[in-house]
Amino acid sequence: MLSKGSPNLCVRVWRKIHAKKITEDEFGKAKSFRLFSISRPHMRGFHSSWFGFFIAFTSWFSIQPLIPTITKEIGLSRVDIAHSGIASIAATIFARIGVGLLCDKFGPRRTMSAILILGSIPLACSGLIRDGTGLLVVRLLVGILGATFIPCQFWTSAMFNVKIIGTANAMVGGWGNLGGGFTFLLMPALFELVKMCGADEYLAWKIAIVIPAALTLGFDADDSCCYRNGCAKDNCWLYFTVFVLFVQYGLCFGVEIAVNTVMNLYFLYRFKDENCTTISEGRLSLLNLTNITTTPLTLTHTNECSLLNQNTASLIASMFGLMNLFARALGGVFSDILRKFFALPGRLLAHLVCLVGEGVMLIVFSQMTTIPFAMLVMIVFSLFVQMSEGTTFALVPYLHPRYIGIISGLIGGGGNACAIIWNTIWVDMVNSDPSRWFWILGICVLSGSVLTLLIPIQNKRIWDFRCRNKNI
């Protein structure tokens, strides 16, 4: 039992944490990091940025866990579902670039609030979907929520010194991306809760989807000021480096987004009951119904032969996104640690290690034939995917400090551009060999990781370990 003085003790501890001074550099950026503080503007901006991004990500992928039920109601094919997954990503590509410009002009707080309000409207209308085209249009419009990543990263880049920017950027990005895993826990739970209240499954998903839309509309970003700091001296545009990071972000965040749109379906498609014979969409009309009645085999809908159901597949898929709780932040911390020993080349080395680890584990995952081992390897490759995202944006603040918004938007857009490519490849393989899709991703990631050897960051490359100036 808590003693009488416990509340007062908690208040004193909280005040002590909150009162700790955050040291600033000559540009007003924080040189220290107090996770449990909400002091303005640095830590309040930090917490506002990740929470807004978390709500956006939860809503962005809230339709995905309910796809099996939506499919049963309106009769979607695998290709229809795959196309809707591509649509959910497509809008974000151009939105991220435009949002970068808006952040430079209006600041991240106002920009993030506007995106959340706009994205909540089509999500609330999801219950009006009647066919594959309707699903595609809704997911296309909801995809604008993915652009909240840019104000999220811009906010922390404007608040924290380069010595700790890797950790800060990775933490807000990772905790925001956590919404992509949380939604696979939230939506099935809401779906079952609504069913328990008396609704049938087709009405239940329509009611459940309104809840994340309401959360998104109701969020108002923190009122702390957008710190419009001075910047370091101007640098030349490093076009090649921006292009390489654009591609490499597509090899990590692009992979994450693509996997988020297919992972629950992959487990349904990949792990089947060998004694169950499936009948795919569109083939029933080609079969002789007399023969069907005389055959000893039972023909069922494709998903009904899976060893998993909608809820268990979503639960497993949620683990991939939930790794963002610490994995992306771990990438930022890893980058900060190697910077401490090897300066900027250390950040490049951390980036290379994470990309190679991701590529290897994707290839291993493609070979898994049992659910327990597939789950284990999925967790490991998720770790490397999200660490790679953290190491990518640990490099961004060094490219051109004055234009962080537009550069973040360009590189962030690479994630969505490549995600569309990955989802397009998935469309071609979903009916033949879904596991080969992960093998192809692994090969692409390993090939792209080699480009890290060519990246110049402030005229330093990965092999320049002699430079140990800790001020860069």
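From the backbone N, Cα and C atoms, a Cβ is placed for every residue, glycine too.
Curation does not apply to TrEMBL; its annotations are automatic.
Per TrEMBL, these features apply:
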{"type": "TRANSMEM", "residues": "50-69", "note": "transmembrane segment"}
{"type": "TRANSMEM", "residues": "81-99", "note": "transmembrane segment"}
{"type": "TRANSMEM", "residues": "135-156", "note": "transmembrane segment"}
{"type": "TRANSMEM", "residues": "168-191", "note": "transmembrane segment"}
{"type": "TRANSMEM", "residues": "237-259", "note": "transmembrane segment"}
{"type": "TRANSMEM", "residues": "313-334", "note": "transmembrane segment"}
{"type": "TRANSMEM", "residues": "346-365", "note": "transmembrane segment"}
{"type": "TRANSMEM", "residues": "371-396", "note": "transmembrane segment"}
{"type": "TRANSMEM", "residues": "403-425", "note": "transmembrane segment"}
{"type": "TRANSMEM", "residues": "437-457", "note": "transmembrane segment"}
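Here the transmembrane segment (403-425) does not touch the transmembrane segment (313-334). Their Cβ atoms form fewer than 3 pairs under 8 Å, with each pair 6 or more residues apart. Contact between the transmembrane segment (237-259) and the transmembrane segment (50-69) is not supported: fewer than 3 Cβ pairs lie under 8 Å, counting only residues 6 or more apart in sequence. Between the transmembrane segment (371-396) and the transmembrane segment (81-99), fewer than three CB pairs separated by 6 or more residues in sequence fall under 8 Å, so the two stretches do not touch.
Outside the transmembrane segment (346-365), and at least 6 residues removed from its termini, the chain residues within Cβ reach (under 8 Å) are 166, 248, 251-252, 255, 331, 334-335, 337-340, 374, 377-378, 380-381, 384-385, 387-388, 390-392, 394-395, 398, 438-439, 441-446, 448-449, 452-453, 455, 457, 460-462, 465.
Between the transmembrane segment (135-156) and the transmembrane segment (81-99) there are 3 or more Cβ pairs closer than 8 Å, counting only residues 6 or more apart in sequence, so the two stretches are in contact.
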